């Protein structure tokens, strides 16, 4: 894909989807490195859209075989704001929000934080369902994961 033409850097697009919230959910990602694409996806029976957005990013980082420079694009403001604005404060506050409440999806945020620290990660945001080829493919994979789970 033309959108993946950055040399020596992994470019990834991630997405999560949910049928019902909570409900059956799926996540998908497409990773590209030097022109080679890899598609990954998975699903859960009882989850939320935000958990699936987080899982897509987590599974993307878990798919890397060594320390990498990676740009991860998401259409999730929850993921984008969480990683760029909220995470440092949550950690400093003992995984509590500014309102002193437990951080939702703390388990996944902690996993994502740990994985992010193993790589040189740049986060990007794209508007969902706006014709971005990488985002559309990640969305397709997330929905494929849901369809396969429903079909079982």
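Here the Cβ of each residue, glycine as well, is placed from N, Cα and C on the backbone.
What Swiss-Prot lists as domain 'RNase H type-1' is 6-147, and the listing cites sequence analysis.
DSSP classifies residue 15 (Mg(2+) 2 binding site) as strand under the three-state reduction. Positions annotated as Mg(2+) 2 binding site by Swiss-Prot, on the basis of sequence analysis: 15, 139.
Proximity of residue 53 (Mg(2+) 1 binding site) to non-local residues of its own chain (separation of 6 or more, Cβ distance below 8 Å) is seen for 14, 15, 16, 27, 74, 76, 78, 79, given in sequence order. What Swiss-Prot records for 15, 53, 75 is Mg(2+) 1 binding site, and it gives sequence analysis as the kind of evidence.
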Provide the three-state DSSP residue tally for the domain 'RNase H type-1' (6-147): helix first, then strand, then coil. 56 helix, 48 strand, 38 coil
Those binding-site residues listed as 15, 75, 139, and which of them has the most Cβ atoms within 10 Å of its own Cβ: 15
15, 53, 75 excluded, remaining Cβ within 8 Å of their centroid (Mg(2+) 1): 14, 16, 17, 52, 56, 74, 76, 79, 128, 135, 138, 139, 142
